Amino acid sequence: MSANLKYLSLGILVFQTTSLVLTMRYSRTLKEDGPRYLSSTAVVIAELLKIIACILLVYKDSSYLSVKNSYHSPVFCVHA
């Protein structure tokens, strides 16, 4: 995995976690009428978003490796 992709994935996950905490804190302190959401639901959705982001980054890295190493290693080759 390249160093740039590691830092990109770290930055995305830090941004996502920080924005989740700040948004939940802000939305839970609002003085509005109406139903409130469960904080556990927000956490589960946030974790699903993290999983999707990680899968996309791994897919991007593996597709880069498959093109780069296609002549060196048969493990990454896809035969049609």
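Cβ from N, Cα, C; glycine included.
Sequence-distant contacts of the transmembrane segment (7-26) (same chain, six or more residues past either end, CB-CB distance under 8 Å): 39, 42-43, 46, 49-50, 53-54, 57. The feature transmembrane segment is assigned by TrEMBL to 7-26 (among others).
Summarising the annotation, TrEMBL assigns transmembrane segment to 38-59 (among others). The list of residues near the transmembrane segment (38-59) in space but at least 6 beyond its ends in sequence, with Cβ under 8 angstroms from a Cβ of it, reads 5, 8-9, 12-13, 16-17, 20, 24, 28.
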